[in-house]
Amino acid sequence: MPNSTTVMEFLLMRFSDVWTLQILHSASFFMLYLVTLMGNILIVTVTTCDSSLHMPMYFFLRNLSILDACYISVTVPTSCVNSLLDSTTISKAGCVAQVFLVVFFVYVELLFLTIMAHDRYVAVCQPLHYPVIVNSRICIQMTLASLLSGLVYAGMHTGSTFQLPFCRSNVIHQFFCDIPSLLKLSCSDTFSNEVMIVVSALGVGGGCFIFIIRSYIHIFSTVLGFPRGADRTKAFSTCIPHILVVSVFLSSCSSVYLRPPAIPAATQDLILSGFYSIMPPLFNPIIYSLRNKQIKVAIKKIMKRIFYSENV
């Protein structure tokens with residue numbers, strides 16, 4: 001039987017063993033992190049300060065931006081610090097925290113994107129019932145339900161992963177802890193864990209994806225029935241950013257499972273993990289800022305207010 005000594009720390013992979021490349025990785029990741037953080041903070045500020053954006057759609061957009069800022073903060077700053085300090089170690093407790101938080105934020109973000117699709121569906125297809133179906137009380141209830149179910153979901157997967165013995169190695173082929181990489185280190189049978197991941201991912205991810213697609217089929221069939229003009233343009237301007245955000249999020253997550261044989265597994269893991277941990281939080285505020293007219297107007301108003309107060 002393999003030696004099943006308790007692993008108290010793990011070793012994460014470097015992007016490079018060359019010191020100058022480690023510095024380059026740290027600097028580039030830190031810049032992307034700052035841009036992402038500022039973009040999401042801007043969305044939160046705009047949707048909070050502008051009273052014209054105090055609507056359910058922007059309530060969920062604000063929550064999504066807070067979530068994105070937290071999500072990228074779980075992995076990227078630690079990776080930057082490790083590169084600067086030339087360190088690859090992470091404690092078992094730190095690894096548990098990373099796994100739990102990554103699973104939690106990904107799960108809740110998927111639910112938020114689904115709720116936002118439902119919000120657009122009701123606004124476009126059932127406008128007369130919108131104030132009743134999507135009111136402030138319902139918004140808060142859906143948010144709390146997403147967060148609480150996320151805690152249960154993340155706790156279930158984190159607990160089932162770390163109850164396994166790790167004895168093959170303590171080297172994780174990622175720049176942060178994630179469940180697929182940890183399962184490869186276990187010396188026990190991980191079949192039940194893998195089945196649970198696949199079933200839950202298909203159940204949650206597949207269910208949300210089908211709901212989002214169904215919502216937008218109804219939305220576009222309704223919008224195309226509008227006469228050409230301001231109403232159709234406004235409907236498209238609020239829906240298209242959300243479709244782009246959903247596409248970036250789902251494509252970045254699904255790309256983790258696409259592994260071309262020409263690229264070594266370790267390199268592939270690092271590239272894909274960097275992609276799905278950075279791209280969705282980075283692009284979400286950019287997409288909403290560029291494609292949503294109300295957001296652009298609100299940003300201009302806040303900028304004018306800031307510059308005016310400075311000049312005074």
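The backbone N, Cα and C atoms fix where each Cβ goes, glycine too.
The disulfide bond annotation in Swiss-Prot covers Cys95-Cys187 and is backed by sequence analysis. In the three-state DSSP classification, Cys187 (disulfide bond) falls within coil.
Taken from Swiss-Prot, the feature N-linked glycosylation site covers Asn3.
Marked as topological domain 'Extracellular' by Swiss-Prot on the basis of sequence analysis: 1-23 (among others).
Within the same chain, residues 58-59, 61-62, 65, 294-295, 298-299, 301-302 sit at least 6 positions outside the topological domain 'Cytoplasmic' (45-52) and bring their C-beta atoms closer than 8 Å to a C-beta of that stretch. Here Swiss-Prot flags 45-52 (among others) as topological domain 'Cytoplasmic'.
Beyond its flanks by at least six residues, the topological domain 'Extracellular' (74-97) meets 7-15, 19, 22-23, 25-26, 29-30, 32-33, 105, 158, 162, 172, 175-177, 182, 277-278 of its own chain at Cβ-Cβ distances under 8 Å. The feature topological domain 'Extracellular' is assigned by Swiss-Prot to 74-97 (among others), with sequence analysis given as support.
The annotation topological domain 'Cytoplasmic' is assigned in Swiss-Prot to 119-137 (among others). Long-range contacts of the topological domain 'Cytoplasmic' (119-137) within the same chain: residues 56-57, 59-60, 215-216, 218-219, 222-223, 235, 238-239, 242, each at least 6 residues beyond the stretch ends and with a Cβ under 8 Å from a Cβ of the stretch.
The topological domain 'Extracellular' feature in Swiss-Prot is assigned to 159-194 (among others).
Per Swiss-Prot, topological domain 'Cytoplasmic' is recorded for 216-235 (among others), and the stated evidence type is sequence analysis. Under DSSP, the residues of the topological domain 'Cytoplasmic' (216-235) split into helix, strand and coil as follows: 14 helix, 0 strand, 6 coil.
Look at Swiss-Prot and you will find 257-269 (among others) tagged as topological domain 'Extracellular'.
The feature topological domain 'Cytoplasmic' is assigned by Swiss-Prot to 291-312 (among others), with sequence analysis given as support.
Residues or ranges marked as transmembrane segment in Swiss-Prot (evidence: sequence analysis): 24-44 (among others). When Cβ-Cβ distances below 8 Å are used as the criterion, the transmembrane segment (24-44) is approached by residues 15-16, 61-62, 65-66, 68-69, 72-73, 76-77, 79-81, 83-84, 278, 281-282, 284-286, 288-289, 295, 299 of the same chain, each at least six residues removed from its ends.
The transmembrane segment feature in Swiss-Prot is assigned to 53-73 (among others).
The feature transmembrane segment is assigned by Swiss-Prot to 98-118 (among others), with sequence analysis given as support.
Within the chain, the transmembrane segment (138-158) has long-range Cβ neighbours (under 8 A, six or more residues past its boundaries) at 56, 59-60, 63, 96, 99-101, 103-105, 107-108, 111-112, 115, 179, 196-197, 200, 204. Marked as transmembrane segment by Swiss-Prot: 138-158 (among others).
Below 8 angstroms of C-beta separation, residues 107, 110-111, 113-114, 117-118, 120-121, 153, 157, 160, 179-180, 246, 250, 253 of the same chain, each at least six residues beyond the ends of the transmembrane segment (195-215), sit close to that stretch. Under the heading transmembrane segment, Swiss-Prot lists 195-215 (among others).
Swiss-Prot lists 236-256 (among others) with the feature transmembrane segment, giving sequence analysis as the kind of evidence.
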Beyond the flanks of the transmembrane segment (270-290) by 6 or more, those residues with Cβ under 8 Å of it: 13, 15, 29, 32-33, 35-36, 39-40, 42-43, 61, 64-65, 68-69, 71-72, 75-76, 102, 109, 173-176, 178, 241, 244-245, 248-249, 252-253, 255-256, 258, 263, 296, 299
Helix, strand and coil totals (DSSP H, G, I; E, B; other) for the topological domain 'Cytoplasmic' (45-52): 7 helix, 0 strand, 1 coil
Which of Cys95, Cys187, the listed disulfide-bonded residues, has fewest other Cβ atoms within 10 Å: Cys187
The topological domain 'Cytoplasmic' (119-137), counted residue by residue under DSSP: helix, strand, coil: 16 helix, 0 strand, 3 coil
Residue numbers, six or more beyond the limits of the transmembrane segment (53-73), whose CB comes under 8 Å of its CB atoms: 33, 36-37, 40-41, 43-44, 46-47, 101-102, 105-106, 108-109, 112-113, 115-116, 119-120, 123, 134-136, 139, 143, 238, 277-278, 280-282, 284-285, 288, 294-295, 298
The topological domain 'Extracellular' (159-194): DSSP-derived helix, strand, coil residue counts: 13 helix, 4 strand, 19 coil
